[in-house]
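**Student:** Provided herewith is a single structure, encoded as structure tokens, for subsequent inquiry.
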């Protein structure tokens, strides 16, 4: 496929508004992609490489800006590009505005008589870029990008720039790609959904759906290829007992979710399927000592003190993000791996097996720390187990259907998370950011502050829990209060008050109050309150100390 055709079709998708129209346009694109289908199925989501591929482009905005500036010529430098991106809010629009043809004769790819770009050709160059490392690799990456931009039309440049920064902004997510595969190749929705769950490879599933749909059912879990974690929704003991009677009760730990893959070696993946094996050598050692069969396990990594009591979640994150002095970090913070589920064991995929059967298999192969696991049929029993978990310093409990299958990437009613009720806060909006793509004309993320005797101090930002309709209403409410703008960021006169839920308040240097809300979510607008009626820093401190 010509890259120009891909870009034109991406522009058509971006211009569409109805979900059904977007799905239809993406399906048409897939039908036209021919040998490039697996690439295109990722590109529309802003993914260059498969989700399970450990290789990354490792291209930052500065690399992209430098390449755009070099291709633009006309005394343009990377700072000029960065400033224009700050003004327009979209690197794609900036790239599209430059006339790259003036530098074509200087292209690293030839004399100016090159053939037009193809999807396959672009992908080959991006793979070369992804594999560049060591001294001089930054210059090599900029040169590769320069060569590509130098051959781009305006539309091609827009989507190339967005692609390399994983920001396609055309309104296409995983669900759209799934539905487009089903429509394009007239295949079973259930088969496609299942294949995506166990592979997390949209290119593989798209090609299989087109070339041999009967083999979709043959796509299975593969050690070394992470899948999305099964998720839980909030619920109560009453919800669980009325839904399935006897209920599995597990401790809910305040740690980082991990997926452990064991074969010849050990690979550890985060909830976002990022390989975090290297910064966790002590966890790798724990796994090696606890299991001797090939397996895929689900669990949590906790930071613990000398007594084995859990430490705050941030301590775990520090280890996950560590790239240097790993041995020193390992000595400073002890980690405990708690395993609670088994997706694969010794050649057998288990995700379709009932939870209790998976637990039984896990207990037979894992000689390490297992999550607390009980069966309860009475609310009093569940309440006692919850109290025990909280007394031990953990987050709460999980309630699970004993017969539930493991559904990767799904947040369903078969797993419920039960944590102590948390009060909401009434917080003042003191800033915001313009959205992206189809939401570019609306304010999409809101800075939240508490009231103090000296003014307002920030405690976080919220974007979760806001529907499209609410987004329009909130933008109309807040936009007249804008005092100044800097790129996509705006400063807002303190007057609008949001009611915000959260999971926890943590000490944090990120915000001026010294505190941060963990997982804030929008509840509603407190139209009955003005800024001075909002919650105070004193109240936040009392909640933290409670």
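Cβ from N, Cα, C; glycine included.
Keep in mind that TrEMBL annotations are predicted by a computer and have not been checked by a curator.
According to TrEMBL:
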ACT_SITE  252  active site, N6-AMP-lysine intermediate
BINDING   250, 257, 271, 300, 340, 411, 417  ATP binding site
DOMAIN    328-452  domain 'ATP-dependent DNA ligase family profile'
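I'd like these features described in context: how deep, what's nearby, how far apart.
**Tutor:** Residue 252 (active site, N6-AMP-lysine intermediate) has a Cβ environment of 23 other Cβ atoms inside 10 Å.
With a 10 A radius on its CB, residue 417 (ATP binding site) counts 17 other CB atoms from all the protein chains.
Mean per-residue pLDDT, taken over the domain 'ATP-dependent DNA ligase family profile' (328-452), amounts to 91.
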**Student:** Work through the binding-site residues one by one (271, 411) and point out the residue whose CB has the fewest other CB atoms within 10 angstroms.
**Tutor:** 411
**Student:** Over all pairs in 250, 257, 271, 300, 340, 411, 417, the listed ATP binding residues, work out the largest Cα-Cα distance in Å.
**Tutor:** 19
**Student:** Within the chain of residue 257 (ATP binding site), which residues six or more apart in sequence place their C-beta under 8 angstroms from its C-beta?
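**Tutor:** When sequence neighbours closer than 6 are ignored, residue 257 (ATP binding site) has 229, 270, 271, 298, 299, 300 within Cβ distance under 8 Å.
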**Student:** Please count the residues of the domain 'ATP-dependent DNA ligase family profile' (328-452) that DSSP assigns to helix (H, G, I), strand (E, B) and coil.
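**Tutor:** Counting residues by DSSP class gives 32 helix, 52 strand, 41 coil.
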**Student:** Which residues, sitting 6 or more apart from residue 340 (ATP binding site) on the same chain, put a CB under 8 Å from its CB?
**Tutor:** 250, 298, 299, 300, 362, 370, 371, 373
**Student:** Just the number: how many Å between the Cα atoms of residue 417 (ATP binding site) and residue 252 (active site, N6-AMP-lysine intermediate)?
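**Tutor:** A Cα-Cα distance of 8 Å.
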**Student:** Can you grab the distance from residue 411 (ATP binding site) over to residue 252 (active site, N6-AMP-lysine intermediate)? Cα atoms, rounded to a whole Å.
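**Tutor:** Between the Cα atoms of residue 411 (ATP binding site) and residue 252 (active site, N6-AMP-lysine intermediate), the distance comes to 16 Å.
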**Student:** State the count of C-beta atoms found within 10 angstroms of the C-beta of residue 300 (ATP binding site), not counting that atom itself.
**Tutor:** 21
